[in-house]
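To start, the structure under review is shown below, and the notes come after it.
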Amino acid sequence: IRCFITPDITSKDCPNGHVCYTKTWCDGFCSRRGERVDLGCAATCPTVKTGVDIQCCSTDDCDPFPTRKRP
């Protein structure tokens with residue numbers, strides 16, 4: 001599977017059986033810069049924590065950089 005990976009936002013091969021993920025959350029600059037974004041691949045979908053949104057998928061390049069809402 002190929003997933004987009006931050007910080008370069010380039011598509012890279014991930015090991016067999018892995019999933020792609022998009023993780024977004026707010027930090028102290030969220031009101032000015034928008035949500036923080038982490039793209040990558042993992043053996044399993046990361047555990048969701050309070051204040052963090054995680055989307056997982058299992059097809060090539062299914063985790064593009066999300067469109068940001070203007071603050």
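Every residue, even glycine, has its Cβ placed from backbone N, Cα and C.
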Quiz item: Of the residues Cys41, Cys56, which one does Swiss-Prot pair with Cys45 through a disulfide?
Solution: Cys56
Quiz item: Of the listed cysteines Cys26, Cys30, Cys41, which one does Swiss-Prot record as disulfide-linked to Cys14?
Solution: Cys41
Quiz item: If you measure from the Cα of Cys45 (disulfide bond), which of the disulfide-bonded residues Cys3, Cys26, Cys57 is the nearest?
Solution: Cys57
Quiz prompt | Of Cys14, Cys20, Cys26, Cys30, i.e. the disulfide-bonded residues, those within 10 Å of Cys57 (disulfide bond) when Cα atoms are compared | solution = Cys20
